[in-house]
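Database features (TrEMBL):
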- 161-180: transmembrane segment (TRANSMEM)
- 181-233: domain 'HAMP' (DOMAIN)
- 241-457: domain 'Histidine kinase' (DOMAIN)
Amino acid sequence: MMKISIKLGLWFFICIFIIETCSMIYLHRNVVHSLVNEELSSLKARGNSHRDVLEMSFDSTTLHHIGLMESQTDTEVVITNTDGKILETSKSIDDDIEKIISEAIEDIPRNGLILQSDLQEEKYIATVSSFDGGKENQGYVYMFKSKDQIHHFISQLNNHFILAALLILFFMFITIFFLSRALTKPLVSMKEATRKLSNGDFSVSLPVTSNDELGELSKSIQTLANDLNYLKKERNEFLASISHELRTPLTYIKGYADLGRRNDLDETERINYLNIIHEEADHVSVLLKELFELAKMDQNAFSISKERTNICLFLQSIFGKVLPAFKSKGIHLELNCKEAFFVEIDPIRFEQVFLNLLDNALKYSKENTTTSIEVLQENKNIIIFIKDQGKGIPYDDLPYIFDRLYRVDKSRSRLTGGYGLGLAIVKEIVEAHNGEISVDSQDGKGTCFKIVLKEQLNENRFTDR
Ligand SMILES: Nc1ncnc2c1ncn2[C@@H]1O[C@H](COP(=O)(O)OP(=O)(O)OP(=O)(O)O)[C@@H](O)[C@H]1O
Ligand SMILES: [Mg+2]
């Protein structure tokens, strides 16, 4: 498998290399082209100035002077008359020059004509100017420059270009090397993290370095890891609590069964033991039933069939059911629900919600206190408060009371004997209805549970008429 940083770097490299090559070639051609043009026009200008001199004074001394002058430069001159007879040269004439001057030429513009500009094919670049000194004194000034001279220039230029290209490639290589590593580093660490996750190691920590898409991705993976870690921890704690929860009644059952097996027992004692065994077995089966309910809720495998319910009538029937128990413990119970609020709930499930909450209020309150149920409307929401003046929940325990098997009183005494499942069930049901439940409590003073059922009043308005 090719590493992503190498792949990315290679692509960068290829793209930039192609761009660089193209622009280098383009630049090189342009420079060479304008160099040749420059040479040609200076050659032409030189020819023109010779022409001017010849037109002013045409004699052998001037011709000789011109020839002499050119022999000291890197250009050459050939002066002919109109018949093609050579009057003066600065250099011995070779075949290429011969060929050029022997060609017939017509219509030479005043500022000269370019005869040859091709550097590839020919040995010289050449221009011609015609002079007219009156009468017989007419002819042509041919100027030549050997392409070797220009090639020398070009090869120097090439050297510069090659050096520049190499430097650019070098810096490009370094830049790409670091850039592609910097870009792919978070990806690589995320790959590592997910590999760890899939191996069951949830203790990953990804630094959030940027707030672009990569940063988001890394944040999501981190959240996933944290969630998995939390779930794993929760599952372990849950299993530990369950086994503890089951061990206690099973110890009782085993102990009393041992006692009941003894021969020297009278019948009433045996029945007493059997009753205890029966009671404990009941405990276990209730516990298992509730756990099973919760498991079903967790998978969203339990169905809620919502019905339009008058919440006041609904609460009144529950009120009637629990009132005797409250009365016998000497707790005052009241229900405040004035208007006819309609809500969409599953009445069977919600009965369980209120029974669990009222059961807690009853269990954790002393006599001569008040427990109240209140229904309010706020915007489009219906809010139900269940408030008691019981022993309250310590601040440190508040975040956990909706957890499974969580109880403030860790001793799991038989007196207050719950499993710590009631509120977990309440929360699942309320949330399955798209509602929210929260708690407010002061240790020693009382507890208030608040259930918010959202967006209920739209339906009220339509169905009330
Ligand atoms: N109204 C309340 N007043 C004081 N403490 C409460 C109240 N409601 C709940 N708690 C505390 O929160 C814990 C969790 O409540 P929850 O209803 O889940 O469990 P439980 O009542 O102990 O057992 P279960 O309801 O399963 O029989 C309780 O053990 C109790 O300590
Ligand atoms: Mg309870």
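Keep in mind that glycine also has a Cβ here, set from the backbone N, Cα and C atoms.
The shown structure was predicted, so the numbers you read here are calculated from the model rather than taken from an experiment.
Same-chain residues lying 6 or more positions outside the transmembrane segment (161-180) and placing a CB less than 8 Å from one of its CB atoms are 5-6, 8-9, 12-13, 16-17, 20, 24, 27-28.
Mean pLDDT, taken over the domain 'Histidine kinase' (241-457), works out to 89 on the 0 to 100 scale. Taken through DSSP, the domain 'HAMP' (181-233) splits into 39 helix, 0 strand, 14 coil.
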